[in-house]
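Asks: For reference, the structure I am asking about is given below.
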Amino acid sequence: MPQPPWKPQAMRLSLFALLVTVFSGVSTQSPIFGPQDVSSIEGNSVSITCYYPDTSVNRHTRKYWCRQGANGYCATLISSNGYLSKEYSGRASLINFPENSTFVINIAHLTQEDTGSYKCGLGTTNRGLFFDVSLEVSQVPEFPNDTHVYTKDIGRTVTIECRFKEGNAHSKKSLCKKRGEACEVVIDSTEYVDPSYKDRAILFMKGTSRDIFYVNISHLIPSDAGLYVCQAGEGPSADKNNADLQVLEPEPELLYKDLRSSVTFECDLGREVANDAKYLCRKNKETCDVIINTLGKRDPAFEGRILLTPRDDNGRFSVLITGLRKEDAGHYQCGAHSSGLPQEGWPVQAWQLFVNEESTIPNSRSVVKGVTGGSVAIVCPYNPKESSSLKYWCHWEADENGRCPVLVGTQALVQEGYEGRLALFDQPGSGAYTVILNQLTTQDSGFYWCLTDGDSRWRTTIELQVAEATKKPDLEVTPQNATAVIGETFTISCHYPCKFYSQEKYWCKWSNDGCHILPSHDEGARQSSVSCDQSSQIVSMTLNPVKKEDEGWYWCGVKEGQVYGETTAIYVAVEERTRGSPHINPTDANARAKDAPEEEAMESSVREDENKANLDPRLFADEREIQNAGDQAQENRASGNAGSAGGQSGSSKVLFSTLVPLGLVLAVGAVAVWVARVRHRKNVDRMSISSYRTDISMGDFRNSRDWEAMTTWAPLQTHKKQSSKEKMVCILRMPRFGENRTGSVPIQEGREMVRAKNTHTQTHTHTHMHAHSLFLSLSLS
């Protein structure tokens, strides 16, 4: 098959070879970590620490130390199974520290033959997980007789001790440095100081000592290393001492941390730099780039996840970094200088940070987005073995050193300014807790930290981004201005969209120690309760009865299991009932009517004037049980002179309140009469508890007073000590001729009355009404 002109055969082969080379060199990073380079001198000892992931398998598996040969084979020298090679017999040991996930190889009586490449690892074979270590053993340097060796790190101070005889007590003292065959004066008692040691070298004597003087050299740099000679006096009688100064790079401390965990660098630079600016830098080839200092400088790559904290007045400070990333691995140094930047000759401490990608810390969202007026739910992982530890949530602030004041905790009060909109939900056993923040504003944007008082590695950072809302929130509460009255029933509704239909809806009452979920109806009577109307997508909260302690913040929210979703908040104010006004809340009128005592309902229904049928509005509340009247009803006899001048002087409000019920009854009666006449076409003389049929002449109703007199409410006669519910009976009746106002007609007389009335239908113009269910028994439950 011919090749395309743009891809000749030679190029394809070269590309294939390149890909093979690249991919053959790609391998996953070993989770084993240790020192890359170890150096010592003959006769000394070394201790090499190797780290491994904190798992049960790793803690119990075989650990080994082997030496690599020219053919690639790694010969075991010592292992945790008890093996010890002949060349290490009596001078080496391997100790496992499972609580720290480390093991240490100790080697004594080093010789130059120990120089070479080694592996520390774990596994049943030497081809398992390992880390390469290079060991270099140097020959003991040869010094002149009576030479004292001083070993110091860069930036530190050395004090060289120089002894002399009493005869040279008043002679010139000096310190010089050997440069080849010459010895160049560094400092002498005549106050001469070599320019390269200016402000760094001091010659002095202590107290009354007459046979010793001292030379201090501060801010050591690598070029200060070498052989020095102390001298007191001149010529052959001079007293001389040799001093060898070794200036070393600080040995880096190894730090082994998991991905997404945190690390703390503890810096102790000494009192001499206590008043200087402090910094932490990361080494990059020949430079060390500052990532934070006490002058306010901060690397953007560490924004929101770094803190510098002074420890005391002696120059100690610490730097905490959370949310570790793979790229955070490397070499770090902390130091001090007035500029806040690394300077040669100033003290430093060094670390090498290893980030284990096989982390036990679960991956969580590093960025959470919200909108103004909305809410966010942030999940914070913690060590599942420390479920009883205290949990905290703090807001990182970018001041000079960075700080993170606690906003809420399992035993900490919510910080001022976050009342009613911040809560921490602990979920023991799940290895995580949830922090909910609602009523968001753009000022809430920033970085937040999840903390515990347990394992310091489990510290995570979350960035919250709050944008301006472009639509209404998913959860909306009505009424928005909530005021409840003590002793009454109060209901709030929370509207939610269809996307939350399958999720659990809840109401909770906020307090400083969290937001406590309110029980449902069947969990407790006369308590704060929750009911959900799924068809109208509303979940309601009812306070019954309202108490003063019910005042406060309430949240409506959704969740799935232990995963919390959106929330919205509302403040419910509670006030005393206004004297002279019941302050009826329309939304809970039904519930109040149901719970009201029956005696109070009767009193509000029956007026002092038994001749009037004043209808109590509460009798029209929803969900009333309509019962049949089974007892004899008392009837008020209407007066034929009800239309007198005094009666007609009633207000138009009374006339309206009587004509409206009359119109409703007449309309229903007309329909009923038409249906009855079509079916029967004859008069029916009957009366029962459930049905009553009669013909009523409009001429009998001279005015509204007649109708009012005929529509009478009265309690059924019962036993004097009646304990059951009293019943109201509404009787629509015809006044008998000559009947007095206060009289009542038994049911049997009512039948005769109807018959008598039917015999006069030929002389009057009639409007026939079929009054269905005239005896209405209403249970005031």
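Here the Cβ of each residue, glycine as well, is placed from N, Cα and C on the backbone.
Pulled from TrEMBL, these are the listed features:
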COMPBIAS  605-614  compositional bias 'Basic and acidic residues'
DOMAIN    8-120  domain 'Ig-like'
DOMAIN    473-573  domain 'Ig-like'
REGION    579-614  region 'Disordered'
REGION    629-650  region 'Disordered'
SIGNAL    1-28  signal peptide
TRANSMEM  654-676  transmembrane segment
Asks: Could you give me the DSSP helix, strand and coil counts for the domain 'Ig-like' (8-120)?
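Replies: Helix/strand/coil tally for the domain 'Ig-like' (8-120): 27 helix, 42 strand, 44 coil.
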Asks: For the domain 'Ig-like' (8-120), provide the mean pLDDT of the predicted model.
Replies: 84
Asks: Helix, strand, coil residue numbers for the domain 'Ig-like' (473-573) per DSSP?
Replies: 9 helix, 57 strand, 35 coil
